[in-house]
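First up is the structure itself, then whatever we jot down about it.
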Amino acid sequence: MRSKYIVIEGLEGAGKTTARNVVVETLEQLGIRDMVFTREPGGTQLAEKLRSLVLDIKSVGDEVITDKAEVLMFYAARVQLVETVIKPALANGTWVIGDRHDLSTQAYQGGGRGIDQHMLATLRDAVLGDFRPDLTLYLDVTPEVGLKRARARGELDRIEQESFDFFNRTRARYLELAAQDKSIHTIDATQPLEAVMDAIRTTVTNWVKELDA
């Protein structure tokens, strides 16, 4: 079985870190042990600097980051990560487990920010070509639940401080995109933790078994 790229998506407070741990545990039980982990934005020295610029509310002082500048910084970080980390890992037979990928931009910037979705799709295709995750787990929570969890973790970053309306639009776009793409599996992350973990285990196990079929 060739290596695969699995991405975990969701609003702030959806439980992506816990989900990643469950994915890793499940893959190991299935005999898959050669894995690397990525996060977006970030994952390389350059991409981490871009992450700081786009997420740290104090990174550019009083200067307002425009919506299109934000998108371009996300894509600069993403293509650097894909070309220097993700693709080489996959080529070497290593599975890649990612905390966010392009679906975040389509949902947050296309839904939350209201940036033209055709422009985003064109930009994605120009930068990434036909490169896509093999499996995406979208952890669905309401903004009320997710932001309550995020606030309990401590200080919020620039995007986490957006309004409930922003996150409602983002969630709606996530759900819309998930309904259009069979590689995106939606997990109800408002359930009790054990139920969420069981749903992730079942989804990943069944998906891997289908690869072997």
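Using N, Cα and C of the backbone, Cβ positions are placed for all residues, glycine too.
Feature list (source: Swiss-Prot):
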- Gly10, Leu11, Glu12, Gly13, Ala14, Gly15, Lys16, Thr17: ATP binding site (BINDING)
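In three-state terms derived from DSSP, Gly10 (ATP binding site) belongs to an extended strand segment.
Here the Cβ of Ala14 (ATP binding site) has 26 other Cβ atoms within 10 Å, regardless of which shown protein chain they belong to.
In the three-state DSSP scheme, Gly15 (ATP binding site) is classed as coil. The local packing around Gly15 (ATP binding site), expressed as other Cβ atoms within 10 Å of its Cβ over all shown chains, amounts to 22. Here Glu12 (ATP binding site) comes close to Gly146, Leu147, Arg149, Ala150, Leu156, Ile159, Glu160, Phe167: these same-chain residues lie at least six apart in sequence, with C-beta atoms under 8 angstroms from its C-beta. Shown in sequence order, Ala19, Leu139, Val141, Gly146, Arg149, Ala150, Ala189 are the same-chain residues outside Gly10, Leu11, Glu12, Gly13, Ala14, Gly15, Lys16, Thr17 whose Cβ sits within 8 Å of the Cβ centre of the ATP site. Fewest Cβ neighbours within 10 Å among the binding-site residues Gly10, Leu11, Thr17: that distinction goes to Thr17.
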